[in-house]
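Reviewing the structure listed below.
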Amino acid sequence: MFCEKAIELIRELQRMSDGQLPAFNEDGLRQVLQEMEALYEQNQSDVNEAKSEGRAELIPSIKLRHCCLLRNQRCIRPSLRIRALRWEYGSVLPPNIRFHMCAEELQWFGQYKKSLASFMRSLGGEEGLDITQDMKPPKSLYIEVRCLKDHGEFEIDDGTVILLKKNSQHFLPRWKCEQLIRQGVLEHVVS
Amino acid sequence: MFISDIRKEFYEVVANQRVALLVSSDIDALCACKILQALFHCDQVQYTLVPVTGWQDLGTAFLEHKEQFRYFVLINCGANVDLLEMLQPDDDSIFFICDTHRPVDVVNVYNDTQIKLLIKQDDDLGVPSYDDIFRDEEDEGDDSGNESDGGSEPSGKRRRFDEGAVERRIERQRERREWEARRREILFDYEQYEYHGTSAAMMFFELAWVLTKDTKDMLWWAIIGLTDQWVHDKITHMKYVTDIATMQRHVSRHNHRNEDEENSLSIDCMRISFEYDLRLTLYQHWTLYESICNSCYTSCSFKLWTLNGQKKLQEFLADMGLPLKQVRQKFNSMDMTIKENLRDVIEESSNKYGMKDIRIQTFGVHFGFKNRFLASDMVHATAALLESTEKDESDSDNFIKALDSLSRSNLDRLHSGIELAKKKLIAIQQTVASCICTNLILSQGPFLYCYLMEGTPDVKLFSKPMALTLLCKYLLKAFVHSTRNKRCKLLPLIMAAPKDVEKGTVIVVGIPPESETSDKKNFFGRAFEKASESTSSRTLHDNFDTSIIELKTEDRSKFLDALITLLS
């Protein structure tokens, strides 16, 4: 049936666990592209025939092929694989992921990065707003965190230094704490 | 110096700054801390919270944070000692102290620049006036100048002149000696007795009220702080009743605001209500029988450590018409008909058995269908968590757990606290019973003395100051009820229990004598200090309450002897 190869590519993507990328399946992609070309040519000839000879019964088959073409197109879009990576990993991709991307994908990624950055700069006044920090809009600027282990001194934006000792609690700007929360040094206290 | 306008002189000063909160380990301090944290969250004041358990901890915390912070808020620590001398801060550090410990050290009162006391000026203080204690040093120069002149050239006229000067000098010296003697006396009287003032949580609640940012949660914490002072016997009954009246005004103000006919509150909202409830500890979360057996008031009145007492208890229950099966059931599962008039029925019967004050004014909170707590329940639960003796848990771990249990969203922690509190109460009652039955309380002349041996069951629980103090008070009450010796009933009690087996130390606690009209003033702080000095015993006066010290086990006997001599 049509579009089977495209579906297989998607299944492959899904089979990999989160955060990893399967190797760039160049063969698979070429097959899908070939199928698309074949469909397109068939469609072209049918359209010409339909127009010149007025055979309306060809129209459903043209429609079907058109749908398959569109579907294939959607399935092989690079953004499927790569766009989410920007949000997950930030602007520098780890090498093991890069290894699995082909040159065009890397180029596409670079362009996506650029357009996202210019969008963020255009928001929120002069400095721009880093929307990759939070998935949902945060409820407050400052959060209360509790220190789970001794981490020593920690500097925040205005230069002040905080001593992170076990079991001390602090009320700090949210963005500064996110990294330490991810590392497990701080714990967000929800009361 | 005392702060008169807490909003302008404290809150607005720290509102745009970063603040370090140094909080002592007692329930009142925890509640005050919660209220202040809530206010700071509201206004996005950045702070760092550090728990401290004693003077050494306070010093360490200060040293660690003094580079980064200029403003320090001390809760329930720091007022009764010369703070500047102890911490040696830089000139630009400012301390805001909200402490219930009295007497406030005179240096703290009269320092205008670095120490700000968040205490009401008329809060039962009796601070000596400035001139009585501090004197300018200018007179010294005159005296010494005259002295050096006087000795060198004794010519005739000079001598007569000198005689006048000598007389004046002698007069001045005599005056000075008198002044110093008076000063010593005044200071001695002022600092002799240690007691407690208004709850810190109530102070901060008032701040919230002045800022009109008070919420029901904050009101509940303030009530818990006040109840902690009552449960641990830190304030007199009169003061408790007065403060309850103050809180009652706030409670009615909050309740009045919300409930009217059109929009009644959902069952999940928090409701605080005034209760004239029974003095049976934790009875709504336990069985009625257990609660009666393990509450200090009832246990001492019935003398439940004797066989006679047990019989009386059975009579009491029969008198009220409560079947044993019901009474031994969990309170929540008791028959509704019994629960309905329980308080009145118990009050009536207790009057017959000589317990006139079985009911006490307090507050209760109610949110959701299942969650009802009295303020004293919360105090016991949080205290049990704060002093839990599980292994691998440091003091600051316990502090954090106890702090968490005060939030409404951490109910499972609260329930675990209630279970721990039950165990603690049972342990206290059993220890009291065994001490009385084996006559472990000895009269040493000016005071009673009891020592818990190392092998005593649950003795680990009593290595913590609050638990040991509670045990001490219950034991004294029980002793007063059980002894026939009239003189012994008026004596204070000192108790010692092993604190750290490896280091070989004991914790020693002294409490004032038990009486109906006691003003809860404790003189053991000074007494311990003097006794320790005179015998050069190895003691550690680390606790913020000066009547609780740590002592090396070997020095116990000479320390006691010194105390006996001192106090007789």
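Placement of Cβ uses the backbone N, Cα and C atoms for every residue, glycine included.
Pulled from TrEMBL:
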DOMAIN    A:53-123  domain 'GINS subunit'
DOMAIN    A:139-190  domain 'DNA replication complex GINS protein PSF1 C-terminal'
>> Counting by DSSP secondary structure, give me helix, strand and coil numbers for the domain 'GINS subunit' (A:53-123).
In response: 57 helix, 0 strand, 14 coil
> Going by DSSP, how much of the domain 'DNA replication complex GINS protein PSF1 C-terminal' (A:139-190) is helix, how much is strand and how much is coil, in residues?
Replying inline: 10 helix, 22 strand, 20 coil
> Quick one: mean pLDDT on the domain 'GINS subunit' (A:53-123)?
Replying inline: 76
